[in-house]
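Annotation source Swiss-Prot lists topological domain 'Cytoplasmic' at 1-17, 37-57, citing experimental evidence. According to Swiss-Prot, the feature intramembrane segment maps to 18-36, an assignment based on experimental evidence. What Swiss-Prot lists as transmembrane segment is 58-78, and the listing cites experimental evidence. Sequence annotations record features per position, and here Swiss-Prot assigns topological domain 'Lumenal' to 79-101 based on experimental evidence.
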Amino acid sequence: MNLERVSNEEKLNLCRKYYLGGFAFLPFLWLVNIFWFFREAFLVPAYTEQSQIKGYVWRSAVGFLFWVIVLTSWITIFQIYRPRWGALGDYLSFTIPLGTP
């Protein structure tokens, strides 16, 4: 989609939809929101909807960073402690690696 062909109101509406969609456990939408609207929020000359778009982009960045930290922490903890959790670790695993820990 070419954002230059879209009205400022429609840009704001689309940015808001991607921001709200990220709350449905879809942090990828926040990343898309950041990439698509960063230029509109911070680099183009000012217009009336820009401050709202800027807010959505900032909040999308914070939400995406939060999800990256949470998922990285969980993956690290799970990879390190899964063998110690015994049956629970096996139950949470999609595939169980062969061999000894």
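Going from the start of the chain as shown, residues are counted 1 onward.
In case you wondered, yes, glycine gets a Cβ from its N, Cα and C as well.
Quantities reported herein were computed from a predicted structural model and do not represent experimental measurements.
In terms of DSSP helix, strand and coil, the topological domain 'Cytoplasmic' (1-17) has 13 helix, 0 strand, 4 coil. Counting residues 6+ beyond its ends, the topological domain 'Cytoplasmic' (37-57) has Cβ neighbours under 8 Å at 3, 8-9, 11-12, 15-16, 18-19 in the same chain.
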